[in-house]
Amino acid sequence: MGSQKRLVQRVERKLEQTVGDAFARIFGGSIVPQEVEALLRREAADGIQSLQGNRLLAPNEYIITLGVHDFEKLGADPELKSTGFARDLADYIQEQGWQTYGDVVVRFEQSSNLHTGQFRARGTVNPDVETHPPVIDCARPQSNHAFGAEPGVAPMSDNSSYRGGQGQGRPDEYYDDRYARPQEDPRGGPDPQGGSDPRGGYPPETGGYPPQPGYPRPRHPDQGDYPEQIGYPDQGGYPEQRGYPEQRGYPDQRGYQDQGRGYPDQGQGGYPPPYEQRPPVSPGPAAGYGAPGYDQGYRQSGGYGPSPGGGQPGYGGYGEYGRGPARHEEGSYVPSGPPGPPEQRPAYPDQGGYDQGYQQGATTYGRQDYGGGADYTRYTESPRVPGYAPQGGGYAEPAGRDYDYGQSGAPDYGQPAPGGYSGYGQGGYGSAGTSVTLQLDDGSGRTYQLREGSNIIGRGQDAQFRLPDTGVSRRHLEIRWDGQVALLADLNSTNGTTVNNAPVQEWQLADGDVIRLGHSEIIVRMH
């Protein structure tokens, strides 16, 4: 009988809609508020769902679809207010003894398929609905995934008139399959700024900020998309700042050893030519960051001090992989003396960089008496000519050093690395953190990924993972996650919490644990 009754109601409603559309097409006319109220009440009655305990659940979100002309007149008609319709419909639902999960919300949207005087209404059960007070900010068409299962579900609104529990009803019964409606976005259309660039790239122009080296030229709001900038090279960007490469500041000071020249011998001053420009390298002191450009500046014996002939530059371990520290007995070790020509070496492996001044023995900081008088080599295992460290030390010395933290070979923090910084954060301490996902085992597919700190699970508005289950307290349990350990704690809930069918107050979660609260089950997944 119930199915026959619904069929008859459906046929009657279809006939009413057909007749009403025909009159609207022929005679036109405006929308009458009483007709809208009647349609909303009929939609609420048609959307009733039966729950356990002889309770009836009505939709709480209603979308009224109007033609374009009627939609534009909404702001001028004070009787066509979504808040007024929602208030009247909520009173009607309460009078009928029905329940809703969430506040009753009425929204308007437009459709180009409807003529003047035609309108449609549809109702859905949406626990995540939020009230939008402005009428003109009408609801945009619902997307197919608006209420789908997403990690970190936003707080749901709560209906204060909802009394009593829903029993064993599955939470996914609240989700209506009518969310997937045709999308008719009133704000759709081409991008108003999608036109061509009126400037046509970057012709010379006056006014505004002048084209500054190092910063993009000023753009008009209607200029168009970013690709028209033609990238940084054509802007003159950082390269034309005459940036860091040929600063010749620290290198041409000859570290701190040639302090007689000091800063006045910084060469061109300011920010020298770009990395791409490679001015000739003087055969004198090493250019460090400068003369040969970006790559050679790091692979020549630059840095804070010049590399004596044959000396090992930069992070010594990078330069000659596997070679032990140079000793002053060796012929290639020159403790002091005039700097030789820059030594051309391949890119990064022999980078001179910052370490040069700390590895050249007496050649660095020497003439300023920073290292000439004191024996800083006592921090390594071999006495050397005074200086900060024996040549070839540095971070990347791969074998047998007393500062490689007990490893006999190249540093290995999870994968082979040529030394020093390149192995950091890979393996060892774990390059990727563990994540914990809670999966609601009710067929809805809802999941929630734990955030670091407190994660509240319950039925209330302040819960990060809300469950539409009246057997669940508003603040039922808390899971604290610190990136390594997930600790569950029951928050004095009414019906309690079980993990793997065992009642718990506190519990350290593991992969595969099954949390039961109210009539809901949550499976813990650790990745």
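Cβ atoms here come from the backbone N, Cα and C positions, even for glycine.
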*Among T83, T116, T363, T377, residue that the record in Swiss-Prot marks as phosphothreonine*: T116
*Mind giving me a neighbour count for T116 (phosphothreonine)? Other Cβ atoms within 10 Å of its Cβ, every protein chain shown.*
18
_Counts by DSSP class (helix H/G/I, strand E/B, coil) across the domain 'FHA' (455-504)_ = 0 helix, 22 strand, 28 coil
